[in-house]
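Among the features that Swiss-Prot reports, FMN binding site is placed at R60, M61, V62, L63, M64, K65, Y75, S76, K82, Q104, Q139, S140, W184, R194, with the record citing sequence analysis. Residues or ranges marked as substrate binding site in Swiss-Prot: K65, Y122, R126, R190, L191, H192.
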Amino acid sequence: MNDTSDIKHTSQLTSGDFTEASEPFALFAAWFAEAVASEPNDPDAMALATADADGLPDVRMVLMKGYDTQGFVFYSHIASAKGRELAANPKAALLFHWKSLRRQVRLRGPVTPVTDAEADAYFATRPKQAQIGAWASKQSQPLESRFAFEQAIAKQAAKYIIGSVPRPPGWRGWRITPAQFEFWHDRPFRLHDRIEFRRTAPDAPWTKTRLYP
């Protein structure tokens with residue numbers, strides 16, 4: 001086994017006491033704004049965890065494409081592993097980890113598809129090459145070679161030389177509506193700050209609890 005126990009870690013203190021926050025969405029918005037200003041790459045990247053029919057978890061990085069008090073939105077294809085797993089078990093967990101700030105946010109809850117209008121509106125904002133790629137990619141299916149993929153891209157590009165590219169029928173978005181948040185901030189000597197928010201329904205009040213690190 002490769003021993004990593006001697007890796008040195010540094011801690012950056014927050015300005016102010018985030019543990020006084022009473023509402024998780026406002027706290028997330030404040031932390032995310034700081035991450036956008038501080039994180040060198042992809043502050044909107046989040047780990048998405050789902051589970052298959054046997055309960056075996058899957059996790060992968062995706063990009064958050066929007067959030068509000070209704071939830072957190074991402075896009076993919078219904079034929080992908082995440083799409084299939086969410087169809088069978090529409091619950092998921094997210095993790096944001098901002099190394100530059102020594103912070104992370106975990107949340108989990110039920111998942112629902114966004115409306116076709118929402119998906120169409122977002123797809124229309126994507127670069128044309130990305131739109132064509134969505135048509136060419138049979139996401140998560142076996143691929144013979146990179147060359148075969150490039151041929152599929154060229155074939156789709158030829159179809160849409162002129163005009164807009166419509167959204168593929170299997171390409172959609174999902175919204176995770178949090179039932180639980182946890183905000184974590186690194187502190188020296190592993191004496192971290194952890195604050196949890198829970199609610200029993202989307203319109204229920206939040207209950208806040210401080211957790212041991």
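Start at 1 and count along the chain as shown; that gives each residue its number.
Cβ atoms are placed via backbone N, Cα and C, with glycine included.
In sequence order, A47, L48, K82 are the residues near R60 (FMN binding site), counting only same-chain partners six or more apart with C-beta under 8 A.
In the three-state DSSP assignment, the secondary structure recorded for V62 (FMN binding site) is strand. Remark: of the binding-site residues V62, M64, L191, the most isolated position is L191 (fewest other Cβ atoms within 10 Å of its Cβ).
Of all the binding-site residues listed here (K82, R190), the one with the fewest other CB atoms within 10 A of its own CB is R190.
Of the listed binding-site residues, namely W184, H192, the sparsest Cβ surroundings within 10 Å are found at H192. A simple way to gauge crowding: the CB of R126 (substrate binding site) has 17 other CB atoms within 10 angstroms, across all the protein chains here. Pairwise Cα distances among R60, M61, V62, L63, M64, K65, Y75, S76, K82, Q104, Q139, S140, W184, R194, which the record gives as the binders of FMN, peak at 37 Å. In sequence order, K65, G66, Y75, G173 constitute the residues six or more apart from Y122 (substrate binding site) in its chain with CB-CB distances below 8 Å.
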